[in-house]
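Let me begin by presenting the structure, written as structure tokens, before commenting on it.
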């Protein structure tokens, strides 16, 4: 299996303002038998991105969860949101591939997909 320096990345775009969502806290967890184990916690950068969420050694076939703290993001902007957090749970079968999990965000809706 080839080593993948940055196997999992994310990007948060605030579609209501047409800009990256800066400072969104994202927590990555891995499901292990009877519950979730936190792997890392990061803030989106000036471009709304995070990388290096997990090492290629720990990125094994499993179920993972990205938790986006949207409440804190909107509170920092003096706004309210209908969705205080977003949990995106996904299954990794081929860890040698790169996975990108973006969020298109607004105060009253969001969408996600497997990006490239």
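Yeah, the Cβs are placed from backbone N, Cα and C, and that goes for glycine too.
Feature annotations, reproduced from TrEMBL:
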type	residues	note
DOMAIN	3-115	domain 'Transthyretin/hydroxyisourate hydrolase'
BINDING	11, 49, 113	substrate binding site
Query raised in the report: Over the domain 'Transthyretin/hydroxyisourate hydrolase' (3-115), what is the model's mean pLDDT?
Result: 96
Query raised in the report: Least buried of the binding-site residues 11, 49, 113, going by other Cβ atoms within 10 Å?
Result: 113
Requested in this report: Other than 11, 49, 113, which residues of the same chain sit close to substrate? List them in sequence order, counting a residue when its Cβ is within 8 Å of the Cβ centroid of the site.
Outcome: 9, 10, 12, 13, 48, 100, 101, 102, 103, 115
